[in-house]
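Worksheet: one structure, shown below.
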Amino acid sequence: AIYELSCEAYKHLGKTSNYYWIDPDGSGALGPLKVYCNMTEDKVWTTVYHDLQMQTSVGGNSLEKLPVLQLNYSATMDQISAITSSAEYCEQFISYSCKMSRLLNTPEGNPYTWWVGKANEKHFYWGGSGPGIQKCACGIERNCTDPKYYCNCDADYKQWRKDTGMLSYKEHLPVSQVVIGDVDRPGSEAKISVGPVRCQGDRNYWNAASFVTSSSYLHFSTFQGETSADISFYFKTSASDGVFLENLGNTDFIKLELKSATEVSFSFDVGNGPVEIVVRSPNPLNDDQWHRVNAERNVKQASLQVDQLPLEVRKAPTEGHTRLELYSQLYVGAAGGQRGFLGCIRSLRMNGVTLDLEERAKVTPGVKPGCSGHCTSYGMYCANGGKCVEKYNGYSCDCSTTAYDGPFCIKDVGAFFEEGMWLRYNFHSPGTSMKDLVSRTLLSSADPEITAPDLSLSKEELSFSFSTTKSPCVLLYVSSYTQDFMAVLVKPSGYLQIRYSLGGTKEPYNIDVDHRNMANGQPHTVNITRNGRDIVLQLDHYPPTSYSLPTASDIQFNSPKALFLGKVIEIGKIDQDIYKYNTPGFTGCLSRVQFNQIAPLKAALRPSNSSSHVHIKGELVESNCGASPLTIPPMSAATDPWHLDSASAEFPYNGQALGDGVNRNSAIIGGVIAVVIFTVLCTLVFLIRYMFRHKGTYHTNEAKGAESAESADAAIMNNDPNFTETIDESKKEWLI
């Protein structure tokens, strides 16, 4: 299997936080390892765990030799070193809780306790401090319990004290051992905690150069690939051909090039005559998007792969030369007398070593360090209207104009509403010019200098999800400085109603969705689009339905004023039904509410410039209980190529292991007793059902719960375990 080189690579495949296999040195000797990749909005964290329990106790007895706590990681030291060396920043939490147990013996004594890091080196500094400084965090910040010492524990108090902090000098990480010295006195006790090693960023993955003239190239020392060569890189170009790299010998050579807009070639000669492997793509490769190339050669065979296209393999002859003897420098971006490469190359690895293209490009004419235009390849991962933003090292998704957040704008932002609680979003607030308002919310207007009451809308886009068990209620209401309004209601029957009043008619125009009960406690999605007289409504995963305002109705929503969630608190005349539905108010969850470019819930929960428009009555508690339901069941473990067996994943600190044989035997005996009791109960239930079944009762296969359900959909939901499992899965994502 081919694994990505880092968590950064998985993020740029659109993957979310999870356990993944990475291979830091490609096909080198280290091999792949399983890590946890935490994809945040602006960073990617790689986490490697160990087996030492948090708050491991040491001491309390007379000890003949110093206690040594050994940390066994889910990766080798060399594998972790490969991660830390390419990372921009690494850290590891460490804590020492003490009772009459000195730590570093500050200010001038020999340390009682130390930790061992990479290369088996002893280190006499603690978390929050740095190399060569025999202090703890409180000694650096000058806030230790006793100012005469540089660690809280060095005061040797009989009460519990603690020294904690982050170790962040990555050349010393990870912690492999902790040696504890001062726990052999009566009353001495200590507890040690060491967190996983976490690294952020991947300098190799984004190490890039831009070739701006066809005669420009970078040169490096001769490639040492006599018996094996493993070359990988990404390229991006709008040119139809060009040489990626070449290294020559007397007659031997190795070369990778873009032969045409759809062909990548890997050619070499080890003394048996030239060999060429070509991968042909069905789509153009000069589309200014990133493409990945992997070329390998050993004494048995050679192969070439581009992106996810089929691997092309060529067997080596059974007899003849096998060693590739090269003498010239390695040229990247051009070759002697041939047309050079125009575009970008990044993350160029030769036999597991990343070539520093950026540093060499800084001193080479015609080549620029770095590369722009990442959004052309990765912008598709910014979902739900999120905007792709170019960064020097990659890209990020700007979710500010959406009702979502997270690294790819796919995380619902929602809240739980208690009875009587409400939220108001004012479209216009004091000190905000109408021009700013128009540009921010995309509320159309012919003249941006007009006042708020003169603004009008000819179209709206509204989307949100909700869950509730109480009806009637007001989900959402848009008021105006005139009599115009728009409302989304749950009627006493539990059916949904959309109500428009734009003037020109005596009564509001109502859209009644009377085919299912929406107050059933399940999440439901609502999408409403109006363009002039035409209205399109979509509920959950049902097909969209079209409606049309009466011909007498106005099509302008005049002077919109505010948007309400949960309850309408507005001066002036309010529709009689809405007034009745206002009491006691909405109870339940609302999520990802968006009206045109306004996201009122997100503005309330995520401080921003638009937060000044929000007024809340009650305490708004963030929750995903109203998040959009999953309409497609999760992929099974057998068919999901990215699934990792959770049983094999090492989840640290997930409870204490059974410590001895007595506890383990007790657990086994208890389990046997539980199985026996369960078997007896099941037998009794079966006998009772069998007796009642033959007393003349008429049986059907109708869905259980149908008699109490308000509709066919409700009966299916009551009876179908997969439906509730789907909802539960969406909630579990937020409880991890």
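The backbone N, Cα and C atoms fix where each Cβ goes, and this holds for glycine too.
If you look up TrEMBL, you'll see 1-50 marked as domain 'Fibrinogen C-terminal'. Break the domain 'Fibrinogen C-terminal' (1-50) down by DSSP state and the numbers are 5 helix, 19 strand, 26 coil.
Here TrEMBL flags 207-371 (among others) as domain 'Laminin G'.
Among the features that TrEMBL reports, disulfide bond is placed at C344-C371. Annotation for C371 (disulfide bond): spatial neighbours A208, A209, S210, K236, C344, R346, criterion Cβ-Cβ under 8 Å with sequence separation of six or more.
According to TrEMBL, the domain 'EGF-like' annotation covers 372-410. Nonlocal intrachain contacts for the domain 'EGF-like' (372-410), taken as residues 6+ away from its ends with a CB within less than 8 angstroms of a stretch CB, comprise 8, 11-12, 14, 16, 39-42, 201, 206, 210, 236, 288-290, 344, 463-464, 592-594, 597, 599, 601-602, 606, 608.
Taken from TrEMBL, the feature domain 'Laminin G' applies to 439-625 (among others). Mean pLDDT across the domain 'Laminin G' (439-625) comes to 83 in this model.
Residues or ranges marked as transmembrane segment in TrEMBL: 667-688.
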